[in-house]
Each structure stands twice: as structure tokens, then as C-alpha cells.
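Here the structure is laid out as C-alpha cells; the discussion comes afterwards.
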Amino acid sequence: YPADELMPLTCRGRVRGLEPSRGDVDDALGKFSLTLIDTLDTLVLLNKTTEFEAAVRKVLSDVRLDNDIVVSVFETNIRVLGSLGGHSMAVMLKGGGQHMQWYQDELLHMAKDVGLRLLPAFNTSSGLPYPRVNLKHGVRGPETRTGTETDTCTACAGTMILEFAALSRFTGDPVFEAHARRALDFLWEKRQRNSNLVGTTINIHSGEWVRRDSGVGAGIDSYYEYLLKAYILLGDDQFLQRFNTVSHYASIMKYISQPPLLLDVHIHKPLLPARTWMDSLLAFFPGLQVLKGDIRPAIETHEMLYQVTKKHNFLPEAFTTDFRVHWAQHPLRPEFAESTYFLYKATGDPYYLEAGRTILDNLNRFARVPCGFAAMKDVRTGSHEDRMDSFFLAEMFKYLFLLFADVDEVPFDVEDYIFTTEAHFLPLSLSTAAHSSPITLNTTPGMGRPPLRAQDFMANNPEHLELLRRMGVSLIHLKDGRVQLVQHATQVNTDHVFVCLQ
Ligand SMILES: *[C@@H]1O[C@H](CO)[C@@H](O)[C@H](O)[C@H]1NC(C)=O
Ligand SMILES: *[C@@H]1O[C@H](CO)[C@@H](O)[C@H](O)[C@H]1NC(C)=O
């Protein structure tokens, strides 16, 4: 601190401009103490409340946003604007009456400042954002490359809606949500109409696909994630239809998913494989399938990823269909831990604790160094890189902690929040629209079953709640003596839910 990242081998902070450039990776570093901001809500989850309070004070007093520096719009959104997760935590703690009593929405104001600095990127005829923006000058600054860029990745343009909608709903200013929606609408329009798939890279001016390969990993991954999660957070059926009913998911399962493998295809010739290797980012996909309620293929793909992990200690950045290394580095990515956590929650199967144990042991054995955890330069030799990305603390720590924590060891109910792609917490209460199909307990489930009584539920039997959670349903609020449940998975069998409650 106050550097953006830790260099765990040399025990220094990484300050952009003072270290040799690493290319695009450095676009996450905006001289805004990235790692501390990205880690705020991790501190709360780990019950480090005093440390959280001190960290928020540091961020508010020291971090500047008007830096003359070009940053990635995508990374700045998910990692810095995602500090809204810290805002939610601050508000929650303040309500507890002990900590953060001085807090007056300062993190929210900061998030809005970030949002306003990202908005100029959306000034394109398509509405798709430029991939990079200068924090001080927007896209027309002295740096020539920002305003002249033509291409962006699908995930880069399609992973704004959760943070931007949260920002709009927290602040009452609709401009952010409107821009994120417009970009999503454009991507939807541009899907290949026969295969219903999207490409990996798109021209932000013409809307033409630049790279027409299609998978669920690098370049596309969180676009799909945000369609489903936008539905869950915002309750807008349109997002679910795009993800699920009409289109994308069915096409993924038809063309890309070859259980246990997930292999890229061409959007125009979806039966034609585009490559014979997989990238490590697709390891998030089983977790998304759990959220959707499609457990079986999630289990199969996760098992494949576990075998690759056991073979190489970590998931290599890319690996072949016969599990050989294709790209040997591993920057401590959290996606496999994320899927492991969601599968454990869905199944309760201790097998996933064993998988989590493998992740944890390998991190301690191979990546831990005196100053932190070092990225693997080559998983085959165990050599290190002087690099510890902020997502390691923001995501890996959260998912591993949650995997092993008992309910009474978690300081708040994570079921009240949705995880962003950077594992920040956004409160489900942000949804203003009623959920499309809320299940209320005083309705009759049919087939002669008696209506359920809300007071049975109010007894608050934790085992019932836990069972419901495993089914992808959670309790959202009590109103007029009625209990409302919200589906997190889209294929919830309501009969099972009622059986469970009874
Ligand atoms: C958008 O870009 C045009 C030029 O392409 C410029 O004239 C206009 O001021 C920009 N608007 C905003 C809000 O930045
Ligand atoms: C969090 O820490 C406080 C103070 O150390 C402790 O009293 C409390 O029980 C902890 N909560 C959890 C959920 O571990």
C-alpha cells in the first residue's frame, strides 16, 4: 500500500510506470490502490471488521481517481466500481450499531465517481464501450490509442450491468444502468441467428464480429454470467430469456458442451471445433450451471477440471483435451475454487471439500512465499512470477473461506447477496421489480397438499433454510406475515420445495 498490487517475490508494491510494462495486464492498474479496494468486502466476510474500517478510511483519504492514466473499462468496473460491495458491507455494519458509525455513503460516492469516469467509453454509435479509457481525459485524451481503438471482447462489453445497475439503484441516477443495458441489447442483436452464439471479439463501431470463435472461457465468460445474474438481481425476464429460454444456454449445451469438455466452435459453423484446448477461465462455468440449476453437466465438467488440477497442481492457463499443458502459467485464478464452492453448496457432497483441500494445499505448498502468494510462471517446473493479482484476495480467499466455514462462522447471510464476477457482494434487495414468479408460502402447491403456514417458516428452522438453499431458493423477506422466496436457480422444482418445507 498504496501501490495497486503486491510483488510477492521482491516484497514491493507494483507501481505502474516504475516497473517494466507487462502489456494489457497492466491496464487493471490505475494508481488507485487496486488491491486494497478490491479486498474491502473480503475483510468483512473474514470478520476483520476493525481492519475493514481502517481500510475504508485509508481508501477514502488516500485514493485519487483523476489520474492521467489509461485503464481497462472492464477491469475497473469489476474490481473498483465493484467496491460497491464494500459500500453494502459498510451500510450493514453501521446498522449493527458498533462499527462504521461515521460512514456517510462515501464509498458509494467514490463508486459514482468511477462510474462517471467510465461513461465516456460508451460514446460509440453501437453503445458498446471502448475497451480502455483515460481516468482523467476520457477517450479523447492525449493518449491516442484509447479513442482510435476499434475492437473489444464480448465479455469486456457485456460485463457491466450488475455494477452499473447497482450504482444506478443506489444513487437514483439511471444513466449507468441505461448504458449497460444498451450494450447488452446490442450484443444480443448481433448474436449469430442460426447458432444463437456470440463471437469473442467485436468491432465497436460497425458491430461486425472480428473473432468468430465461441466458447464459455476467455473473452466471453462473464457475458453469460451477467445475463443470468442480471435476471436474478434485477428480476427482468428479458435477461433470463436471452440466457436460457430462447437462446444462449441451449446453444452452449448443444454445440460447445461435450461433457466433460467445453470446446470452442465457430459461430457460423457451430459443428466445427475451433480449437482442441480449453482455457482456465472456463472453470467458472460449472458454478454458473449450478446457479441455473443444471447440476449434472456441472459435476462432470468440474470433475474434469479437478483431474487437470491434480495432474498439474494448478489449472494451467490452457490445457488440451487429453489434459496436457498448452499454456503453462497460472496466475492464481479463482474460478475452479468458485465452482467447487457452488457445487458443494448445491450437493453437500464432502467430495468438494476434498477438492477445496487440494486447492488450499497446493497454494500453500507451491505458491506461498514470505511476502504473499506468487503466480506460477510454469506449473510444470513450479517457477514463480513476481505477481499477485488483486483477484486472489478478492475472490480466492472468499470462495475458500465460504467453502469451509460453518454457518455461524460467516458474519452475515451471503444468501442476501449476489456475487459479481469479481466476487463482490451486491444486495438482492436492489431488485425493485417483483420477481417474475415469487413463491409465497400461503399459496396452495396443488395436488391436494394443504397450504403452507408462514409461521412454520418463521420458526426459522435452519435446516429447512439450508435445504432450500441447496435447491437454489432463498428467503428474501417477510411481509404481512407472508414469506417470499426467490429462486436463484431457474429450474427449481417447486413441488420439491414444498415437500421440503412440509
Ligand atoms: C461523444 O463523441 C463525440 C465525437 O464523436 C463528441 O462530439 C461528444 O462530445 C461526445 N459526447 C460525450 C458525452 O462525451
Ligand atoms: C466476529 O468477531 C467478533 C469480535 O472478535 C466476535 O465477537 C464475533 O463472534 C465474530 N463473529 C463471527 C461470525 O465469527
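Glycine is treated like the rest: Cβ placed from N, Cα and C.
TrEMBL: automatically predicted annotations, no manual curation.
Among the features that TrEMBL reports, active site, proton donor is placed at Glu75 (among others). Packing around Glu75 (active site, proton donor) is summarised by its Cβ count: 25 other Cβ atoms lie within 10 angstroms of its Cβ, all protein chains included.
Around the Cβ of Asp221 (active site), a 10 Å sphere holds 25 further Cβ atoms from the protein chains shown. The active site annotation in TrEMBL covers Asp221 (among others).
Residues annotated as active site, proton donor in TrEMBL: Glu317 (among others). Residues near Glu317 (active site, proton donor) in space but far in sequence (CB under 8 A, at least 6 apart, same chain), listed by position: Asp279, Ser280, His326, Trp327, Ala328, Gln329, His330, Pro331.
According to TrEMBL, the feature active site maps to Glu335 (among others). Residues near Glu335 (active site) in space but far in sequence (CB under 8 A, at least 6 apart, same chain), listed by position: Ser280, Leu281, Leu282, Ala283, Phe284, Gly287, Leu315.
Spatially close to Thr421 (Ca(2+) binding site) yet at least six residues away along the chain are Ile78, Thr159, Leu162, Asp221, Ser222, Glu225, Tyr226, Phe284, judged by Cβ distances under 8 angstroms. The Ca(2+) binding site annotation in TrEMBL covers Thr421.
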